[in-house]
Structure formats: structure tokens, C-alpha cells
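A.B. asks: Feature table excerpt (Swiss-Prot):
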{"type": "ACT_SITE", "residues": "CYS381", "note": "active site, nucleophile"}
{"type": "ACT_SITE", "residues": "HIS506", "note": "active site"}
{"type": "ACT_SITE", "residues": "GLU508", "note": "active site"}
{"type": "BINDING", "residues": "SER13, LYS188, THR189, LYS190, PRO191, THR192, GLN193, LYS224", "note": "UTP binding site"}
{"type": "BINDING", "residues": "ASP71, GLU141", "note": "Mg(2+) binding site"}
{"type": "BINDING", "residues": "GLY354, LEU382, GLY383, MET384, GLN385, GLU404, ARG461", "note": "L-glutamine binding site"}
{"type": "DOMAIN", "residues": "292-533", "note": "domain 'Glutamine amidotransferase type-1'"}
{"type": "REGION", "residues": "1-267", "note": "region 'Amidoligase domain'"}
Amino acid sequence: MTKYVFVTGGVVSSIGKGIVAASLGRLLKSRGYSVTILKLDPYINVDPGTMSPFQHGEVFVTNDGAETDLDLGHYERFTDTDVSKLNNVTTGSIYQSVINKERRGDYMGGTVQVIPHITNEIKERIRRVAHDTNPDVVIVEVGGTVGDIESLPFLEAIRQFRKDVGRENVLYIHVTYILHIPTAGEMKTKPTQHSVKELRSIGIQPDILVCRSDRPLSVGIKDKISEFCDVPVRAVITCQDAQTIYAVPLNLEREGLAHQAITLLGLEQRQPDLRDWEILVDRICNPSRAVTIAIVGKYVRLSDAYISVVEALRHAAVALDAEVKVEWVSAEAVEERGAGYFLNNVDGAVVPGGFGSRGIDGKVSAIEFSRGHRLPFLGLCLGMQCSVIEWARHTAGLAANSTEFDPQTPNPVISLLPEQADVVDLGGTMRLGLWPCRLQEGTLAHRLYGETLVYERHRHRYEFNNAYRKAIIEAGFQISGASPDERLVEIIELADHPYFIATQFHPEFKSRPNKPHPLFFGLVRAALERKETERLPASPAPVPLPSAV
């Protein structure tokens with residue numbers, strides 16, 4: 001029988017429910033249990049694909065082409081398991097499904113209501129994940145904060161779920177925050193008490209409390225929380241702020257989170273194997289050197305908009321016994337002050353993906369600087385498209401652009417994918433998900449990957465215009481990767497540059513702490529070589545971690 005763990009949050013938003021859920025997944029997998037993690041998002045959007053990065057952060061793309069919440073990236077990175085469209089459910093998708101059923105007449109003329117129709121649909125989505133993946137444990141993160149009106153249908157659904165599948169098969173974990181008042185020198189539990197009271201008023205009594213704090217909880221504080229929240233002291237878990245998110249599983253293991261969860265679910269207690277994860281965290285926290293890499297983007301005011309890029313850089317750095325210091329550079333600021341002002345003192349640069357014309361000239365300027373000053377460079381999606389525009393303007397002397405930014409440009413070096421010509425809706429209609437890419441032997445990309453056929457995740461509507469293919473090759477660029485039918489250019493690179501490579505896909509989505517992505521490894525390695533002269537490994541040396549169950 002599959003077991004279910006529901007993770008809710010209280011007191012404040014962005015409290016770290018996703019990291020707690022992902023950490024528990026890691027701890028269970030270290031004991032040999034198979035796990036999948038599901039995110040329930042209370043917003044009415046069908047998916048986050050059309051949401052502003054400033055409001056939502058990164059849109060994480062899965063192998064099957066789902067545009068999902070960034071927490072799914074944490075799930076994949078912590079558990080080393082691919083997730084799918086089934087692992088992200090929104091209020092919008094629930095209502096869309098229920099309304100479609102009503103229009104088809106599935107409810108036989110009945111009045112459609114939140115209870116039972118919406119709650120039943122939510123429960124069905126949870127069961128579907130369990131049915132399709134057949135894990136030992138399904139961990140469900142409930143988005144939002146207890147007390148939010150948007151979350152009520154989800155909370156009612158998970159309340160009912162325990163009755164449906166049996167109390168012994170369901171566990172409720174509530175993540176809360178313990179405030180410290182510096183002037184009083186005290187830690188305050190009252191917000192946590194009120195949060196649990198709110199949860200209990202819905203009919204959910206948490207089994208475990210995970211208490212975020214900037215310092216350890218004293219025995220007295222744990223006793224107080226236990227007394228007022230009706231949770232055993234052993235189930236009051238400290239989750240202290242950590243130097244790196246990858247240390248959280250180890251901290252929660254020391255606090256006994258997994259032991260308590262396994263006991264309450266009636267599973268067999270097994271000895272965890274976290275030795276390799278401990279090595280990983282030690283290398284993250286104690287690097288022998290550092291390198292600075294600029295991320296030149298449109299959404300740098302919210303670093304979560306590029307969270308997978310940052311994590312991919314960190315994964316590569318760990319494999320090289322280094323730390324990456326990220327320099328955030330606004331593409332619009334580059335337009336005002338010039339690329340040199342921001343890039344003169346960095347060791348490498350990344351131009352990530354995005355949409356729209358704002359800041360494009362700044363990205364192009366940053367790419368021109370990187371090319372001309374031999375600065376290690378990696379372009380991602382829009383970053384590749386801007387690399388082509390930069391070449392066309394400054395090497396070929398063309399008044400070039402993308403038709404996304406200028407539909408009337410005389411030299412459309414980037415143009416709309418043919419299959420996108422008649423697309424009207426924006427949501428879920430791009431080229432999405434995992435697609436094959438064939439690499440040219442002898443190229444930098446081929447050396448880094450070490451294989452000829454690779455699969456990468458995509459999210460784009462525009463592509464390199466093949467009418468300019470011959471010209472870009474004559475100008476010195478190599479097309480080192482393309483779709484197997486040779487129609488879509490996937491990777492371009494410069495052979496006479498220390499490291500200049502750009503991709504139409506998003507390699508950051510496939511990077512893992514123990515398996516850095518080859519292209520990010522290559523960038524960080526080139527940046528280190530620029531900074532120092534010592535010999536470095538020639539290929540990514542994965543940090544060993546327990547294999548996926």
C-alpha cells in the first residue's frame with residue numbers, strides 16, 4: 001500500500017515547504033524507499049507558463065513538456081528522479097477539468113460544487129500519480145499558507161484523503177516559523193500556535209511540526225510547542241537556516257524527521273546511507289577556490305527566475321572543488337552603462353532565456369564583449385538567439401534581428417518555428433519538453449558530452465533561420481548540434497575562443513548535484529582556467545551519490 005505525506009505551511013509564505021518535502025524525499029530514498037513528490041498550487045492559472053517571472057519565478061520544464069512550478073526542480077535535484085506533468089496540479093487545471101466534465105454531461109445534470117466535485121478531482125490527481133509511478137511514498141506539498149482562502153479546497157481534499165485510504169497510510173507535516181525577537185532575546189511560538197489552530201479548525205491535526213528558525217530550538221521551546229499544538233516533543237523538528245539548501249536533509253536527519261515519518265507510517269526502519277551526500281555538502285561548504293560568473297538577464301531583480309541556472313553553476317563548481325559567486329547583471333543596465341562596466345572583473349558569463357524585446361540590446365552587448373574579450377560564455381535559449389543576432393550585426397554587418405522583436409527586420413536571423421505560425425493561445429503551445437540533438441564529432445560540445453546523441457529540454461517558439469546557415473559557418477561559427485533531421489539548429493560554438501557555446505535548449509533543467517551538466521561544467525572549468533593556470537579535470541567527475549531507487 002502506497003503511503004502519503006502531506007506537507008503544509010503556516011505563518012509566512014516562502015517558508016521552505018518545497019525544500020522540506022524534497023529533503024524528506026532524499027532521506028527516504030537513502031533508506032531504499034521509492035518516492036515521488038507532487039506540488040498542489042492554489043493559483044487559478046492552468047500552469048505557470050504564461051506567468052511573469054517577477055511574480056512566479058522560474059518555470060521548470062519536465063521531460064514530457066509540462067511547464068511547472070520551480071519546486072519541481074528541487075524535487076528532481078534532491079531525489080535524482082525525473083518528474084512529469086502529473087507532479088504539478090493547479091487550481092486552474094482542477095477547475096478546467098471539472099468544467100470540461102460538466103460540459104460533457106459527466107455529472108448527469110447534478111449541481112457542480114467545490115465539495116464533492118473539486119475535492120474529488122484533487123484526490124483523483126493524487127491517486128493518479130501513485131498509480132502511474134507506483135512509489136512506496138507519495139509526498140504532496142500543498143502550496144500557499146494555511147489561512148489563505150485559495151488553499152481551502154486542497155486542505156479539505158487532503159483531510160478527506162486520510163479517511164479514504166486509512167489513517168495509517170497518511171501523515172501530515174506542518175512547516176512553520178519560530179520568530180526570534182532580538183530586543184527581547186526570546187523566541188516566540190505564538191504564530192505557530194495560531195497556525196496549527198487554523199489547521200485544526202479545518203480538521204487536520206499535524207503529526208509532525210517542522211520549525212524553521214535562525215537558531216536551534218531549546219528544549220523549553222520544543223516542550224511549549226508540543227504542549228500547545230498537541231504534538232509529541234519528538235515530532236517537533238528544528239529546521240535551522242543552513243549554509244546551503246543541500247545541507248537541509250542532513251540537518252533534518254539529525255533531528256529525526258525521517259525516523260518519525262517512517263514510524264508513523266508503519267514502514268520498516270532502515271539504516272540510511274547518506275555518506276555520499278555528506279561528502280557533497282562538505283565540498284559545497286569548503287571549496288578550495290572561487291570563480292565569479294555574471295548572469296546577464298531580464299529578470300535579475302528576482303533570482304528565483306533563474307534558480308536552475310544558479311544551481312547548475314553550483315553543481316559544476318562542486319565537481320571542480322570550487323565555489324561560484326554569481327554577479328547579477330541587468331540587461332537593461334548594460335544598455336545604459338556598457339558591457340565592460342559589468343563584465344571587466346568577472347571570469348565568465350551566462351545569458352539565459354527569456355521573452356520579449358526589453359533588454360535585448362544589453363544581452364547582445366554582453367555577448368559581443370564576451371566574444372571579443374575571450375570571456376568564457378554560455379548562452380541559453382534566448383541567449384543563443386542573441387548570439388546569432390550579435391554575430392550578424394557585428395561580424396556580417398547585417399541589420400539583423402529576430403522576428404519576435406522586429407517582425408519587419410530585413411534580416412530575420414531568428415524566426416518563428418513553422419508549426420507556431422497559426423498558434424493563437426500562449427499557454428502550453430511552445431516547443432516543449434525533451435527532444436533529441438545530434439552532436440558533430442570533434443566539436444567542443446561533443447567532447448563535453450562524450451556522446452553523439454543527447455536529449456535536452458526545450459521551451460521556445462523561435463529558432464535559427466536556416467537561410468543564414470551557410471553564412472554563419474563561413475563567419476567562423478560551428479553548428480555543433482542539431483535535430484536529427486538537421487532542420488533545427490540546437491548548439492553553436494566558436495572554435496577559436498576559450499569557451500563560447502550557446503544552446504537553443506535549457507541544459508540547466510537536467511543538472512543534478514551529483515551529475516553536473518557538461519556545458520555548465522565546461523563553462524566553470526574555462527572560467528577557472530581564465531583565473532588560474534593549474535591543470536583541471538578534462539571531463540565532469542560526478543560526485544557519487546546513492547543511485548535512484
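Here the Cβ of each residue, glycine as well, is placed from N, Cα and C on the backbone.
Walk me through where these features lie, including what they touch and how far apart they are.
C.D. replies: In the three-state DSSP scheme, CYS381 (active site, nucleophile) is classed as coil. Residues within less than 8 Å, Cβ to Cβ, of CYS381 (active site, nucleophile) and separated from it by at least 6 positions along the same chain comprise PRO352, GLY353, GLY354, HIS458, ARG459, HIS460, THR503, GLN504, PHE505, HIS506.
HIS506 (active site) carries neither a helix nor a strand DSSP state and counts as coil.
Summarising the environment of GLU508 (active site), the number of other Cβ atoms within 10 Å of its Cβ, over all protein chains shown, is 30.
Annotation note: THR189 (UTP binding site) sits in a coil segment as assigned by DSSP.
Around the Cβ of GLU141 (Mg(2+) binding site), a 10 Å sphere holds 28 further Cβ atoms from the protein chains shown.
When secondary structure is read from DSSP and collapsed to three states, GLY354 (L-glutamine binding site) falls in the coil class.
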A.B. asks: Over all pairs in GLY354, LEU382, GLY383, MET384, GLN385, GLU404, ARG461, the listed L-glutamine binding residues, work out the largest Cα-Cα distance in Å.
C.D. replies: 14
A.B. asks: With the cut-off set at 10 Å between Cβ atoms, which of these recorded positions ends up with the most neighbours? Options: LYS188, LYS190, LYS224, ARG461, HIS506.
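C.D. replies: Compared across LYS188, LYS190, LYS224, ARG461, HIS506, the most Cβ atoms within 10 Å surround HIS506.
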A.B. asks: Can you give me the Cα-Cα distance between LYS224 (UTP binding site) and ARG461 (L-glutamine binding site) in Å, rounded to a whole number?
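C.D. replies: Each residue's Cα considered, LYS224 (UTP binding site) and ARG461 (L-glutamine binding site) end up 55 Å apart.
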A.B. asks: If H, G and I count as helix, E and B as strand, and all else as coil, what does DSSP give for ARG461 (L-glutamine binding site)?
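C.D. replies: ARG461 (L-glutamine binding site) sits in coil per DSSP, no helix or strand.
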A.B. asks: Taking the recorded L-glutamine site as GLY354, LEU382, GLY383, MET384, GLN385, GLU404, ARG461, identify the other residues of that chain whose CB atom sits within 8 Å of the mean position of the site's CB atoms, giving them in sequence order.
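C.D. replies: Other same-chain residues near the L-glutamine site: GLY353, PHE355, CYS381, CYS386, SER402, ILE414, HIS460, TYR462.
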A.B. asks: Of the binding-site residues ASP71, GLU141, THR189, PRO191, GLN193, which one has its Cα closest to the Cα of ARG461 (L-glutamine binding site)?
C.D. replies: ASP71
